[in-house]
Amino acid sequence: MTTLLWLQASGCGGCTMSLLCAESPGVLDLLADAGIRLLWHPALSVETGAEARAILQDVAEGRIPLDILCVEGAIARGPAGTGRFQMLSGTGHSLMHWVGLIAERARHVVAVGTCAAYGGVTAAGGNPTDAVGLQYDGAHSGGLLPPDWRSGSGGPVINVAGCPTHPGWVTETLMMLAAGDALALDPYARPRFYADHLVHHGCPKNEFYEYKASARDLSEIGCMMENLGCIGTQAVGDCNIRPWNGEGSCTRGGYPCINCTAPQFEDPSHAFVETPKIAGIPVGLPTDMPKAWFMALASLSKAATPPRIGANAHADRVIVPPTLRKPR
């Protein structure tokens with residue numbers, strides 16, 4: 001039986017809320033089917049107070065073997081490196097202390113969500129709580145744990161980044177760890193099974209993107225890259241390949257991708273729904289696309305835009321349907 005302990009640090013709890021949306025099967029059935037025993041989760045377990053503290057103490061002292069430690073939320077190191085901005089009730093110690101202690105006992109450590117991975121929204125702006133990720137501070141290696149830290153299995157912290165995470169990213173990671181499968185990670189320690197994809201893949205606005213038929217307002221159904229800040233062509237994630245609840249994603253809902261799986265997405269230096277440009281050209285170009293190629297292809301695409309696509313791009317719904325060809 002694989003043991004799992006889940007701690008919630010400085011965050012909104014949104015990754016747990018997302019995890020509860022796992023379906024076919026639900027998350028608790030899935031854990032049971034994978035042979036994973038949930039020792040404790042602050043939102044899902046019945047143990048509270050002294051009972052919960054006893055579980056943590058038993059794990060920290062090695063009386064209960066721990067296979068997987070999941071941490072949700074950033075680690076608040078303030079004030080002055082004490083971690084006392086977030087205390088674990090009844091223990092006299094900070095959550096920073098407990099995470100560091102229990103991480104040394106775990107075979108695998110998983111950062112659930114971008115806050116736990118890189119600091120995320122919790123570390124935005126002036127970062128008054130001195131929040132960091134488990135093994136990253138933004139895009140820089142080394143957070144609560146040093147860059148060369150390794151878990152009991154010999155691996156780094158696994159960063160299941162996302163704000164929030166897709167429930168499938170979390171459950172698939174846990175199932176692979178429980179099965180003893182090797183988990184390939186990208187340069188930011190994100191599982192490659194979702195990080196090898198771009199949000200752009202499967203986006204319902206791809207036809208508009210191909211012709212650079214761009215929306216000007218959020219209510220329009222055209223591509224949001226040119227004017228509305230969408231960076232799905234640069235952001236990793238299979239969000240549009242396996243949508244939330246089988247049908248949802250940011251771009252499917254008419255909102256631009258803000259690259260929430262990446263370090264420092266929370267401080268983009270511009271409004272999320274605006275595309276920064278120089279001389280009318282978006283600063284952030286699609287991944288692997290040379291600037292000269294993009295400019296040439298964009299010009300050709302716009303010149304070749306069918307009237308149907310151009311008209312629909314600036315509407316809030318399809319107003320010009322595709323032309324139907326009669327069979328011969």
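Placement of Cβ uses the backbone N, Cα and C atoms for every residue, glycine included.
Among the candidates Cys115, Cys223, Cys230, the one that TrEMBL lists alongside Cys12, Cys15, Cys163 as binding [4Fe-4S] cluster 1 is Cys115. Each residue contributes its Cα atom, and for Cys230 ([4Fe-4S] cluster 2 binding site) and Cys12 ([4Fe-4S] cluster 1 binding site) those atoms are 24 Å apart. The Cβ of Cys12 ([4Fe-4S] cluster 1 binding site) has 17 neighbouring Cβ atoms from other residues within 10 Å, across all protein chains displayed. Less than 8 angstroms from the CB of Cys203 ([4Fe-4S] cluster 2 binding site) sit Tyr209, Gly232, Asn240, Ser249, Thr251, Arg252, each of them six or more residues away in the same chain. Here the domain 'Cytochrome-c3 hydrogenase C-terminal' (197-272) has, by DSSP, the following mix of helix, strand and coil residues: 5 helix, 6 strand, 65 coil. Other than the site residues His200, Cys203, Cys223, Cys230, same-chain residues with C-beta atoms no more than 8 angstroms from the centre of those residues' C-beta atoms, the [4Fe-4S] cluster 2 site, are Val199, Lys205, Asn206, Tyr209, Met224, Met225, Gly232, Thr233, Thr251, Cys257.
Within the set of binding-site residues (Cys115, Cys163, Cys223, Cys239, Cys257), the lowest number of other Cβ atoms found within 10 Å of a Cβ is recorded at Cys163. Cys115 ([4Fe-4S] cluster 1 binding site) has Cys257 as its nearest neighbour among the binding-site residues His200, Cys223, Cys257, going by CA to CA distance.
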